[in-house]
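Annotated features, as they stand in TrEMBL:
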BINDING   131, 135, 136, 137  (6S)-5,6,7,8-tetrahydrofolate binding site
DOMAIN    19-387  domain 'Serine hydroxymethyltransferase-like'
MOD_RES   240  N6-(pyridoxal phosphate)lysine
SITE      239  site 'Plays an important role in substrate specificity'
Ligand SMILES: Cc1ncc(COP(=O)(O)O)c(C=O)c1O
C-alpha cells in the first residue's frame with residue numbers, strides 16, 4: 001500500500017509493521033507524530049526525548065519484572081537490568097552531586113508520595129505553595145492523596161510582584177509548625193531561594209522537600225540553582241526540561257537513602273519499570289554533556305526573549321519576565337480570558353496550558369521553551385512565535401499555515417518525518 005505524501009520523509013519501519021498488524025492504533029501513533037511535528041509544543045512540562053531515549057523505552061527491558069533494588073530482587077534474571085539501574089543511579093548522583101538517587105518513582109507524583117511516606121505520618125501538617133498560586137496537586141489538593149491524608153497549609157505569592165514572599169512563608173511556618181516545608185511549583189518562572197526555605201524549615205524543625213519537577217533539567221545543565229545542597233529530599237520528573245522518559249526521580253542524603261528506597265518499594269510501588277529506568281540512564285548521560293549545558297542555557301535565553309516579546313505584544317507577563325523555561329502571561333489586555341485564548345491558540349497550532357496567576361483568583365497562559373529549543377529554535381524564532389501568538393489571539397487569518405511553516409523548519413524527529421507513511 002502506498003500513500004502519496006510528497007516532500008515527507010518516510011516513517012520508520014516499526015511504524016509500517018504496526019500499521020500492518022494494528023492499523024487502528026497505528027493511526028493514533030502516526031497522527032500524534034504528525035500533530036507534534038506540525039504544531040508548536042509550548043506546554044512547559046513537555047519536551048522531545050532523543051531517539052536513544054525512545055529506543056530504550058521501546059526495548060525488551062519493557063518485558064522484565066524487577067521488584068526490589070539491584071543485587072536484591074524478588075525476581076530472577078535481573079542481572080542485566082541491575083546494570084541499567086546502577087548506571088541510572090550513578091549517573092543521577094554524579095549529575096546532581098547527590099549522595100543518593102532513587103530512579104524507580106513512576107512519575108513526579110509518585111516521587112512526592114514517596115517523599116511524604118518517608119518523612120511524614122498521616123495527619124501531619126505540611127507547608128507548601130497553595131494550589132491557586134501554582135502549587136501542584138500533590139501539594140495539598142483535596143482531590144489528591146496529599147490533601148486527603150495531610151493537613152496542608154498554603155503560602156501564596158506577592159500579588160504585585162508575583163514573587164514568593166519569604167516572610168509570609170516564615171510567619172506561616174512559625175504559626176503552624178509544619179513537619180515538612182515543600183518548595184516547588186508548576187508555574188513559578190523565577191529561581192527559588194532554597195537557602196531561604198532551608199532557614200525557614202530549620203527555624204521550626206521541619207524537613208525541607210524541594211519539588212523540582214520543573215527546574216531539574218535546568219539544574220542539570222547549570223542554568224538554575226540546585227536544591228540538592230539545601231533540601232532533605234529533592235523530588236523531580238525526568239521528562240520536562242531534563243528531556244528523559246516520563247518518570248520520577250528522588251535525590252537525598254545518605255542518611256535518608258534507606259527510608260526513601262523503602263518508601264518507593266515496597267511501600268508505594270511494585271515492580272520497577274526497567275525500560276523507563278534504562279531510558280532515564282540514557283537521559284542522565286545526555287544531560288551530563290556540554291551540548292546539554294548549552295541547551296539548558298538556550299532554553300532560558302529563548303524564554304527571556306519570548307517573555308519580552310509577549311510583553312511587547314501587550315500580554316501581562318507575570319513577574320515581568322523569567323529566569324527559567326517558564327513564562328506566565330495574562331491575555332486579559334487583549335480582552336480575552338485564558339481559556340478562550342488557549343482555544344484560539346490551539347486552533348492556530350500553538351499548544352499550551354492555562355495556569356493560576358499570582359494574585360490567586362485568575363488564570364493565565366503558561367508557556368515553556370523546552371520543546372521548541374530541542375527542535376533548534378533560537379531567540380529570533382521566539383520573537384516570531386510571540387507575533388504569531390498575538391495574531392492567533394486576534395483571530396487573524398493565515399496563522400495556522402504560518403505555524404505549520406515554522407514547525408516544518410524544525411522537525412523534532414527528522415528521521416521519522418511528519419508521521420505520514422510514504423511507502424509501506
Ligand atoms: C511541581 C510538580 N510536581 C509534581 C508533578 C507531577 O509529575 P507527574 O505528572 O509525572 O506525576 C509536576 C508535573 O507537572 C510538577 O510540576
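Cβ atoms here come from the backbone N, Cα and C positions, even for glycine.
Structural mapping of features recorded in TrEMBL.
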residue: 131; record: (6S)-5,6,7,8-tetrahydrofolate binding site; Cβ contacts under 8 Å, 6 or more apart: 137, 139, 140, 141, 154, 356
residue: 135; record: (6S)-5,6,7,8-tetrahydrofolate binding site; Cβ contacts under 8 Å, 6 or more apart: 128, 129, 141, 154, 182, 185, 186
residue: 136; record: (6S)-5,6,7,8-tetrahydrofolate binding site; Cβ contacts under 8 Å, 6 or more apart: 108, 109, 112, 184, 185, 186, 211, 213
residue: 239; record: site 'Plays an important role in substrate specificity'; Cβ contacts under 8 Å, 6 or more apart: 45, 46, 47, 49, 245, 246, 247
residue: 240; record: N6-(pyridoxal phosphate)lysine; Cβ contacts under 8 Å, 6 or more apart: 44, 45, 46, 47, 213, 214, 216, 217, 325, 368, 370
Annotated recorded positions 135, 136, 137, 240, filtered by Cβ under 6 Å to ligand 1: 136
For residue 137 ((6S)-5,6,7,8-tetrahydrofolate binding site), the number of other Cβ atoms found within 10 Å of its own Cβ: 16
131, 135, 136, 137 excluded, remaining Cβ within 8 Å of their centroid ((6S)-5,6,7,8-tetrahydrofolate): 128, 129, 134, 138, 139, 140, 141, 144, 186
